[in-house]
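**Q** Input: one structure, supplied below.
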Amino acid sequence: MAMVCLTDFEEYAKEHLSKATWDYYAAGADECCTRDDNILAYKRIRLRPRILRDVSVSDTRTTVQGTEISFPVGIAPTAFHCLAWHEGEVATARATEALNTCYITSTYSTCSVEEIVAAAPNGYRWFQLYVYRDRKLSEQIVHRVESLGYKALVLTVDVPYTGKRRNDIRNQFKLPPHLKVKNFDGVFQETAVPEEYGIPANTLDPSISWKDVYWLQSITRLPIIIKGILTKEDAELAVEHGVQGIIVSNHGGRQLDGGPASIDALSEIVDTVQGRIEVYLDGGIRTGSDVLKSLALGAKCVFIGRPAVWGLAYKGEEGVREVLQILNDEFRLSMALSGCRNVAEINRNLIQFSKL
């Protein structure tokens, strides 16, 4: 069967992954309202195409943090890629290197940061970081990724506690014995503490606050991007604390159910930031026109989570490349049909909100 759109990959993954694995990737928190609204929100936004603009040549390139990428779609940090494909994050890294875009490697990778770099030495990578009760754990991994050439830290701030994902609880989800959170291999000794997503429960630090941004700045020279901001108030605080970027994100709807769709939160954050730092977005991107809408509302780049995993489940590295290529082709076509020849021509005049 020809894979024509991202939904084809989703259907393949649902059919071929085990129920527990599919449920883990698909999970939203509680009633999954925010997860589902991430996708539905794009359907409420309409485009205002301009015509007769000579779109015979188009250019999808952009920059993030001063580095050029081939088009404004990267891979969001998603855990446990080896559940979907035996090579896991190594395959994802090769695919993003081949398409010259950004891959945000998850702390919860089933391949180590060293293995990922060795597999795709020329790839452009950021590293997604959690802050642990044991600050030394976080500090050690920051120094590891900095020495390996990762280009930014993506501090995820919306998980003081893990959201309630009902199917994971029903399935008693655990990593199979042959897989580990490789970045912490050997760090956590066998204990009686129950495991939560591959590491002992209560390892994340719920006391994390803005002062931890200063702490991070004191131990690294890497740019710090905060992932998980949904309000103008927190966007302003991020700028005041000297971070280099924001990822507007509700964690794929996996944390607080009832929060806004990412795309619905984007405008107020872009308006608050006023170009002082770059703003990105993840959550609900399924088509090239979703990418176009996000950029028109002020995102510099978007990141995909679940669709990358579906690509892995389909055909490993080749599947991720196909997912990215489809989005690239759809984005280029949507740009042209809207009268945009390059990313710089995309602006809010393209957008009209549906009355539905």
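Cβ atoms here come from the backbone N, Cα and C positions, even for glycine.
Copying in the features that TrEMBL gives for the protein in this structure:
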type: ACT_SITE; residues: His251; note: active site, proton acceptor
type: BINDING; residues: Tyr24, Arg165, His251, Arg254; note: glyoxylate binding site
type: BINDING; residues: 77-79, Ser106, Gln128, Tyr130, Thr156, Lys227, Ser249, 282-286, 305-306; note: FMN binding site
type: DOMAIN; residues: 1-356; note: domain 'FMN hydroxy acid dehydrogenase'
**Q** Pro77, Gly283, Gly305: which of these binding-site residues has the sparsest Cβ neighbourhood within 10 Å?
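**A** Least crowded of the binding-site residues Pro77, Gly283, Gly305, by Cβ count within 10 Å, is Gly305.
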**Q** Below 8 Å Cβ to Cβ and six or more residues apart, same chain only. Which residues does that give for Gln128 (FMN binding site)?
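**A** Long-range Cβ contacts: Pro77, Ile104, Thr105, Ser106, Thr107, Leu153, Val154, Thr156, Lys227.
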**Q** Compile a sequence-ordered list of residues in the same chain as Ile285 (FMN binding site), six or more apart from it, whose Cβ lies below 8 A from its Cβ; state 'none' when nothing qualifies.
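**A** Val73, Val291, Ser294, Val302, Phe303, Ile304, Pro307, Leu327 - these are the non-local Cβ neighbours of Ile285 (FMN binding site), listed in sequence order.
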**Q** Counting only other Cβ atoms and using a 10 Å cut-off, which of the recorded positions Ala79, Arg165, Ser249, His251, Arg254 scores lowest?
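**A** Sparsest of the recorded positions Ala79, Arg165, Ser249, His251, Arg254 by Cβ contacts within 10 Å: Ala79.
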**Q** When the Cα of Arg165 (glyoxylate binding site) is compared with the Cα of each of the recorded positions Ala79, Ser249, His251, Gly283, Gly305, which one is closest?
**A** His251
**Q** Whose Cβ lies within 8 Å of the mean position of the Cβ atoms of Tyr24, Arg165, His251, Arg254, the glyoxylate site, other than those residues?
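**A** Neighbours found: Ala27, Gly28, Ala29, Thr162, Gly163, Asp168, Gly252, Gly253, Gln255.
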**Q** Can you give me the average pLDDT across the domain 'FMN hydroxy acid dehydrogenase' (1-356), rounded to a whole number?
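**A** Looking only at the domain 'FMN hydroxy acid dehydrogenase' (1-356), pLDDT averages out to 96.
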**Q** Taking 10 A as the limit, how many CB atoms besides its own sit near the CB of Thr156 (FMN binding site)?
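**A** A count of 23.
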**Q** I'm trying to understand the geometry here, so how far is the Cα atom of Arg254 (glyoxylate binding site) from the Cα atom of Ala79 (FMN binding site), in Å to the nearest whole number?
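**A** Arg254 (glyoxylate binding site) and Ala79 (FMN binding site) have their Cα atoms 13 Å apart.
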**Q** Using the alpha carbons only, what distance in Å do you get between the residue listed as 'active site, proton acceptor' and Ala79 (FMN binding site) once rounded?
**A** 12
